[in-house]
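What follows is a short report on a single structure.
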Number of protein chains: 2
Amino acid sequence: MPTATVARLPGYLRVLHGLTADGVVTTSSEELAAGAGVTPAQLRKDLSFLGSYGRRGVGYDVLHLSEQISVVLGLTTQRRVVIVGIGNLGHALASYSVFAERGFAVVGLVDADPAVVGTTVGGLVVQPPAALHDVVSGSDATIGIIATPAAVAQDVCDELVAAGVVGILTFAPRALRVPPHVDLRAVDVASELQILAFHDRRRTGTGA
Amino acid sequence: MPTATVARLPGYLRVLHGLTADGVVTTSSEELAAGAGVTPAQLRKDLSFLGSYGRRGVGYDVLHLSEQISVVLGLTTQRRVVIVGIGNLGHALASYSVFAERGFAVVGLVDADPAVVGTTVGGLVVQPPAALHDVVSGSDATIGIIATPAAVAQDVCDELVAAGVVGILTFAPRALRVPPHVDLRAVDVASELQILAFHDRRRTGTGA
């Protein structure tokens, strides 16, 4: 399945969950595409990789399609997540209720600040860096979230990999290297603003 | 300039800033590409859109290239940002020091919770929803960040657009619609984890 298709599946699932909550039983590719912000043609092509084509004049069964996508994304098993870096952002992520709704359990928190270690955030006691390996392996976590300053992010990344995680989501504003068996997703909030600034400059003519 | 190239420029600038801080005067396409997590060929192609080719055997002038990218991205003028939704995530964003380092000033905060309105976060007093239009237009903000629950995100988005922002960064877990003159960037943290789960499932064989 193409990486770009995989990246769009969570969006479809989000719309389907919303439809289920509203009591909707069947949906059209037009409705689903509009909710997910893609074209109907893109949606149909993506879902064809799941072997799901909908029925002419009837559309897609909301519950069945939700289950199909959940199975493909591996969401029928709860995934365990460890967060490293419990500053403002890490604190917000540790308490983010949407994670639980989407099938993820935060099972460990690690921070290097002695003032933060030992405090309780979202029901978990923050552990020191020396405990990182045990926190990951002891909890069977497979995903690590890095919310540390950029300067230490690569070291934290290496330690998470050594401890056994196979997926890393980083918010640190720098590029990270991982071995081939580990997946890396990066969110750089300031870069997102810089991309918006590019269009703002072109439109308003300021700053050039 | 291709959208994908624009999206990679902040990463290059980040690496260049790091080199400047380390006292490095010239860099090679190999070094710059490695730091940004792209191939040297991709880097050279991207920079060719800026009219920047480097000099054979010498490489790129770090300061000059930084300035070129900053001008293209519109970072030579400070951009003003308003954040709507001062929960855990909005709170973290309001205090995020990297924004200031990258040329963005948070000039307004808005939240619907009466217990939050009136409190001071990152030096700014949180305003009520009724003040959103005045907060944006009074501060000349051009970018809005949405960190509200999904249910109200579209309404907030519409109000930001009506107040005059031309760029929106949303963290709300739902697709948003904006008019053609407004740019939208979306960060969905839970979806990033779901994409990692897809690869985890395929590797470990769990959850299918």
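Cβ atoms are placed via backbone N, Cα and C, with glycine included.
Bear in mind that TrEMBL entries carry predicted annotations, made automatically and left uncurated.
The DNA-binding region annotation in TrEMBL covers B:11-50. TrEMBL lists B:75-175 with the feature domain 'CoA-binding'. Sequence annotations record features per position, and here TrEMBL assigns NAD(+) binding site to B:Gly85, B:Ile86, B:Gly87, B:Asn88, B:Leu89, B:Gly90.
Mapped onto this structure are the features recorded in TrEMBL.
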| residue | record | Cβ contacts under 8 Å, 6 or more apart |
| --- | --- | --- |
| B:Gly85 | NAD(+) binding site | B:Val110, B:Asp111, B:Ile146, B:Ala147, B:Thr148, B:Pro149, B:Val156, B:Ala172 |
| B:Ile86 | NAD(+) binding site | B:Ala94, B:Leu109, B:Val110, B:Asp111, B:Asp113, B:Val116, B:Val121, B:Val126, B:Ala147 |
| B:Gly87 | NAD(+) binding site | B:Asp111, B:Ala147, B:Thr148 |
| B:Asn88 | NAD(+) binding site | none |
| B:Leu89 | NAD(+) binding site | B:Ala147, B:Phe171 |
| B:Gly90 | NAD(+) binding site | B:Ile83, B:Val84, B:Leu109, B:Asp111, B:Ile145, B:Ala147, B:Thr148 |
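For the DNA-binding region (B:11-50), the residues of the chain that approach it from at least six positions outside its boundaries are 1-2, 5, 58-63, 65-66, 68-70, 72-73, 75, judged by C-beta separation under 8 angstroms. For chain A, the nearby binding-site residues by a Cβ gap under 8 A, listed in sequence order, are B:Asn88, B:Leu89, drawn from B:Gly85, B:Ile86, B:Asn88, B:Leu89. Confidence in the domain 'CoA-binding' (B:75-175), given as mean pLDDT, stands at 94. Across the range of the domain 'CoA-binding' (B:75-175), the DSSP-based residue counts are 37 helix, 26 strand, 38 coil. Helix, strand and coil counts from DSSP across the DNA-binding region (B:11-50) read 28 helix, 2 strand, 10 coil.
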